[in-house]
């Protein structure tokens, strides 16, 4: 009974086990929680640093003090640790020489880990900096070393502002300047027009008269407020002379060197109210300034000339000489000190121009690049997507150890023509790289808004900035965001890319935003073709399948990498993750497992918005999966997919029922042994169950007592084989024709942890153990069954052959009868029928003898004799119980060639007729009509059997080979009719092979 309970329980248990726990363990996992408001879990990366394993989690809306900078958390992945995540405070980073705006820069929106040096890169694509009156979102990334110390700030789209200037004001403070506060007000007003700050403008002031004084140096004050405050405190130095040449020369040789910045535009503003007393030196000094690329604005204050009524012509000529050319751009004159305020605006406009807009006003370059919207490690650096570059058509930038690489806009013109520039293609929304069979690296970038349907380009980029587009893949549906996620896969781990996965997560299908993933195969060095699609057609809901893609190391032992795909909108935005397997170097289109957020926590949302899996966290030899959700990051342990291969051998190979070689339960039975060999399991505990005659009770074969404990466990290393020999015996059974089905069911001992069985491989092995048939063919026997029968009744022909009976009227009509007639003496009440069955061919399996009589005959007895020495006697009490349409004589015809049956009934008959089984006739009948006369002169009451048609003989010849399961049936029937009362009696004997 235990065997059958096991057989019933195991298949159900295996089915449930595979369905719930395949690949990833939904019972054992770890959740790191964080702020939903900070978007903790927007990105996840498994990371190794300092000999430990970590989970990096991006939180792009995290606050640093009062600014929403974003940040990255590190979470310990020690399975025994309950420690929470700690913040890395990367949001505190600052770039030198720029006036930055870090609020809402979304640091942590992009996060990638580099296992080669245990560093990682995170980006804030909306990091901005001030340029004059504009705020440019060029984006910024940071590279952090394995000790979690900031190593490098990456900002390839950052360009110097046009306000990157060093301005030195050379101010005439001689006694002729009056009133001083008007000059001071002018200085304050013009300073308030300047964009003073790191990366922009810095100001120094030199005051001269008879001597020169540095009021403050370049960069001494970094804000407008501080510079203005310093200017308020400048007093007039005075002096009897106006030594303009000296003041210009000191500014050129000293002021621009003390605090001046390399690459900054040098601007000098000279404010004076009279001719210089050192005019002979002016020519040399001005020429030296021009050699130093100093742009000079010269302002002539005519107050002293006007107050004294002096012609200022020579003064104006000197001032114009000092000013850069042309005069209309760089020369100003005012009537007096008070009029200085009137030129503040025009002077400021001339000094500054709007950064980022060309003189033709054609649009932005990299000023709004948002570099770092996506990122990807490549062989010699980091690729950064810049979706906002070139009026939001996008671009791809590269940062190497030698510097940044910015391809020109013209590199994209063939695939992104000017006619579609207003479509905002967002090139660089996603990035990737592929390795061709020759080992060369190609880059891949997505532009999900190109022409509204999306595009992906495959290209090369040289360090010179030359970008060459090799191929473009086009989306097919408007708004599907084709190319928003990319993943290159090397599924056979040979170092070359096999497939490029392109996601269109907003693909609309059957009234739902289901999403779709396109599978492209690399067929040459630089060419991809579409091979297939990944969709989840059984979900009638919004899904956004493809919002995240990740490659996972081989999980089912076939040597091919697997794919996981995020669908964060499923189950009313709770989210799900789908696992797709690779097989025979192809991505299987149907998912193997669906991980729903509800299976881990009821509070999860947008589960599957980010994915990553490269580390074996719990040291079981398998890569585990990290899944990002809103306010959470989930670590899911992988479960090895194992396959148990079973093989059965029997000794002997077939069941020989004629060889009863052992005793079981006091009976002689046939004993055998079975050897079960199991292989390809892995380092885990498995188990197996052996079943004979599944779904049949009782079974024809039974394990020996010592081996009946089921199921049985085993521990097997991958590549090894374990064999065990079990003894069993075959019980006495009438069914020797059909083989014994031996079933081996395999499984794993633990349901809650460890590996799981591969659902693609059979966990049940069914083997047929055949009986030895003693025939020439192992599977087919060709019997030749012949049935002879006769009775002890006398036929009319025999009766009339006696001379003393010739005078009877019955004999006079004998020749006219068509059927053989029989005669029964009126005093007799018993008849006997003799049947002789002979097999002249091979063993006849499942042979049956059928005996029946008509209702007016009462069965008396049956004697069965099997030659040469076996005799079976049966009485009427059990005749109908045993002799039915089945094999009732225990198939003795298998071993004996001849059988005799003696049947007696209440009327005695005597006849003989051979009967042969033939293919075209299954029933043979012999009809005997008997009559009984009323009064007769014959001394004995004799019933004359008038032959109605003679003895009808039909022979059945066995024309071909018949299998054991083909049924033959032959019958002999004796029908007796009383002539006077017309009563009918018959005995029916038949044979058959089932």
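The backbone N, Cα and C atoms fix where each Cβ goes, and this holds for glycine too.
Here TrEMBL flags 166-347 as domain 'VWFA'. According to TrEMBL, the repeat 'FG-GAP' annotation covers 27-84, 357-408, 468-529, 531-589, 593-653. Residues annotated as signal peptide in TrEMBL: 1-20. For 940-962, the entry in TrEMBL reads transmembrane segment.
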* Structure fact -> Counting Cβ pairs closer than 8 Å to the repeat 'FG-GAP' (27-84), the top stretch among 357-408, 468-529, 531-589, 593-653 is 593-653
* Asked: How many of the residues that make up the repeat 'FG-GAP' (593-653) does DSSP mark as helix, as strand and as coil?
  -> 3 helix, 29 strand, 29 coil
* pLDDT averaged over the residues of the repeat 'FG-GAP' (531-589) -> 90
* Structural state census, the repeat 'FG-GAP' (357-408) (DSSP three-state) -> 4 helix, 24 strand, 24 coil
* Structure fact -> The DSSP breakdown of the repeat 'FG-GAP' (27-84) into helix, strand and coil residues is 0 helix, 31 strand, 27 coil
